[in-house]
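What follows is a single structure, written as structure tokens, with notes after it.
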Amino acid sequence: MTTTDDAGPTTTPRHQPFLFIRWVTNRPNLSFAIALSLHLTFLSVSGILFVSGYNLFPANFENLPMELHDEPWLKRDLAWTARDDYSNRVVRSLPASKTTSWYRGLTREGLLLFYYKDGGNVFTQASLQQMQQIENALVNVPYFTDHCQLQAQNGSCVPPVSVLRFFDGTYASVDPVFTDTTFSNIGPVLYAASTYNETKSAFLYALGKSNEITPTSVTTTLTRTLIPLGWPLAGYSDEDAMLTVLTEFMADHMQPTLESFLDVGVFEFTYYNTRLMYHDVQKQAYSDMALALGSLVFIFFFILFHTRSLWITCMAELSIISSFVETNLIYRVVLDFRYFGYFHVLALFIILGIGADDLFVFWDAWTATGLKSHPSLAHRLNEAYRKSVISMLVTSLTTMTAFVANALSPLLATRSFGIFAAILVGIDYLSVITFFPTIVIFYHRHFEDKPHPCCCCWNKKDKDKADTSSAKKDNSPNPHLATVTKYGTSSPEPTQNGHVTPLERQNTNSQLFRQDTKSKLLRQDSKGKQELVRQDSKKLFVSPARNSVHPDTCPTQPVFVSLGLKTADVTSSPVAPKDNTSTTCKDRVTSCCRTKRSSKRSRLVVFFSDYYFRFVTHKVARWVIVVALLGCLAGFAYSASRLEPDNEQIQLYTDSHHYTKAIKHNNYGFVPNDVDRTITIHLVWGLGEQDMSSCHFSEVECPGTQVYDDNFQASTQAAQQAFVDICDALFSMSASEASDYRIKRDILTGELEISCFPRNMKTFLQSDPVSGSVDVSMPWNWTETMDFMTSLSTYYDTSVFNSSYTHHLDIPLTYWLWDAYQQNNTEDWQLFNSLVGEETGPFTTNILTSSSIQVGNKIKYLAIAVNTTLQLQSLGYEEGIPIVQRWEKFMESQLSNMPTEMRGGFQTTTIAWHWLYVQKSLADNAILGIVLGVCLAFPVLVLSTCNVINGLLATLTICCVTVCVIGVVPLGGWKLGVLVSLNMCLVVGLAVDFVVHLAEGYHMSHLTDRHSRLKESLERMGISVFSGACTTLGASAFMLFAQIQFFFQFGIFMFCTIGFSLLFSMGLYVTVMGLIGPQGDTGDIRVFFRKCCARIRPRKLTDSTNNVTGVSPKVDAANGSPPQHTQPA
């Protein structure tokens, strides 16, 4: 319990110190050494593992693992991608004479240039001249001719694909109008380009959506240029090596020129290349992650400012960093996670804030105990430990719970981060409750009152001067005399083995005063009268052999009584001593182990417990606060209601970066054309969904094991007819049905872009002069196949085949693909060669005219390709998933009518379908994480505060913070995309800290009325909450300078979460607690359980008594309780 007098509070210990606390105070050096050695051991083990080559940090910053292994889309995608990974595969390849036989004759990489004039027209003479200057500068950079795509005619570089080609005579053979090198006839030239089939495709590629076309004028706000680079490169056989060479060429030689044109004034110029962007992203990511060092430095100096101790600050930083390393050991070695990405690096930012917050809670609790007297140092540390350890436990549990909610995600990126962050918070908590006490006691014993070049307090210098001055005046010290300190009186110095031991000083600097043996003591009563009290020095200062006090113990009121002093003597106001060398007994008694609160409490403690408390409980101000914050909540809630799913892919850079602008131009700025890539749907037979059972649970991009459909037989009569039927069903779709399925049409012919082999093969065979006399309609049987081979005896040796050969479809199919065995690179070859897979069989043989062409094979897989109008870059899951389901239903309906050997088919895409469900999973996981985090936080808060009202109000505060943070997303121009969903998983985990501290401070108060409890909560936790907010806000502020969108958004989310947490916890929560906070036992769950137990216990007692006596109980008329029964002696 605590009593207060004029000099300060006096604490009578309610609890005996914990065993751990007694050990720390009795063995400060040993306990600190053991705790420090444990951390250093973990750091050493990590260093040894790292140096030895163990992959301790399996960093992967290039990929964000977002695989859904429970969904079929990834398995189907992987199966189609690895469809040729089987033995006995028949490899079809055209001879070099039929393909591009020179190096760099093809293109695989190209540089895109964008020219944009907001609200204007880029097809002006000045704009076209500027475009020409940019293109000429780029094609003339060093080594461009060694990397450009080469033309077949003369081996020169292919000119850029640009609107400028309509003016330089490239298409002069189509129309002379296409020669206008001075750009004096822009309108008619571009209009002509829009009408000719030879130029229409290139014109649409360069035409922005915002356009106007007339015979005399063509205007648009946006156009683009493509500079193709050659493929393959001479001297390289590995694709990755060639791509690296091209990327380095663009970065070293083309990018400096590109950067010089970014600020051109004629229009807004941007550029883009996927590999060049990722090359820059990797460099920028390391620069942005280096901002963590800035956060670390900021937190270091803030802790130093708060504690005024370099020792405490260094040890606290060591504790936080070692917690991160220890967590990684558990995560990597024990749990065997093999992924360490961006989120895990960002966890360092989070733990810097949480660790600093825990330090402030413990340090402030320790400092607050210095304002009271304690029987021993162990009692003081025990009080600080009990107050802080519970508060930190609740905060850590709620934060861990919020992060554990992310561990339920099926996505490795969020699941691994949730587990890592939860372990990190737990390890940090264990470090705080075991390492911090040893740090503080070691500091208290060795450095608190001593100047030191490395470990010092900023406010010790003047105090030590005062100590020296006082000591000089005392020329004949007596170890048996009591020591009167600045704020209290300690016992005489005890002796150990004949040597005097140092006194334990609690937050003050000692000043020794000699006491004359015949001095007089003054006492002033409550009426202001002074009385002279004389005491013999032998009674007051007894010998240390009989009454020596432990150096950690200050005499309390019972000691004074034993000395013959009344309680009034202790609590009365002292009279100031006449000089510095002597003081009255009254002064020594009243100052014994007391502290003047006004001179010891920090300004922030005074502010929160006095001024701020009066502000939030003011009759008018409290209602203004509530109304203002509820209005703020309503505004952000409305903004949160406008949050929409994002149709874009992962945005790597901020909105203002030229890469982001270029990507948006490329995805949304141009009219449909046949050059831009769209999603292709494959209807596949012969493959099974990929087997992922061999993949490690945390492996990134595991390919799995290829599975094939052994029941698939493409050459049966029923199977061939099924292929014909599904092709007819696709091509017979109405215009509205094709639009619903998003099937693309050819720009020139208007036909549906569907690659269905029965139609193309039939058309080819019917037009072939050699095979035209044979019935080439599907289905093929043995008779038709033999007739076909007989008519083509130049190529087939029919003696090899007999009636047991059942793969009839392979014969006409190979004849068609090889262009009647002329091995030409036809359009059908380009469309269907990758859609048909063959393997050798017992009847496999070469044709008579070529040893490189095999026939009589077994068809391993077959596919139908459907081009769509969908673009992956701009397709969101809300629009895309209904299309996926529509195609899935179409495929299921077709398979249900197919023979057994065809029912193993499925429809798939490359990445697209899987990515749509990843987007949905992220959005669902973000919402589920928030809801689950809040729901789990509520029982934790109720149990920790032992009060339903307190826990409910704290949970509602967390909800307010969450709503406001979500409301920031639409205000920032963002949508519920991948990065926003990932960052939203952090909100609840970061929002719980401050309100939990205040709620716990309210709960731990032993006072009964709400205002007194609130005041004590603000006094205990106000400065800790404020300091913790400052450190986290400062740490997250560094991320606002990041260029990578992921880091920038993380900084925004962290800054807003902490800001709103501080606002609503210190604003709304404390104000509402001052209005309706629980008083006494109101809402106390312990009272409820005691009442329940009280009701159950008498009933059990009554039943037991009845069983013993056999008599029904009678009620005592006096007190209404059953009569007591006693057993006979």
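The backbone N, Cα and C atoms fix where each Cβ goes, and this holds for glycine too.
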Transmembrane segment per TrEMBL - which of 229-252, 1021-1044: 1021-1044
The transmembrane segment (978-1000) in contact with the transmembrane segment (1050-1076), cutoff 8 A, at least 3 CB pairs, sep 6+: yes
Among 339-363, 384-405, 417-443, 1021-1044, 1050-1076, stretch most in contact with the transmembrane segment (951-972) (C-beta, under 8 angstroms): 1050-1076
For the transmembrane segment (417-443): best-contacting stretch of 32-57, 339-363, 384-405, by Cβ pairs under 8 Å: 339-363
Per-state residue totals over the domain 'SSD' (349-442) - DSSP helix, strand, coil: 82 helix, 1 strand, 11 coil
In contact by Cβ distance (the transmembrane segment (339-363), the transmembrane segment (1021-1044); 3 or more pairs under 8 Å): yes
Averaged pLDDT, computed only over the residues in the domain 'SSD' (349-442): 88
Cβ-Cβ under 8 Å with the transmembrane segment (32-57): same-chain residues at least 6 beyond its ends: 318-319, 322, 325-326, 328-329, 332-333, 338, 340, 431, 434-435, 438-439, 441-442
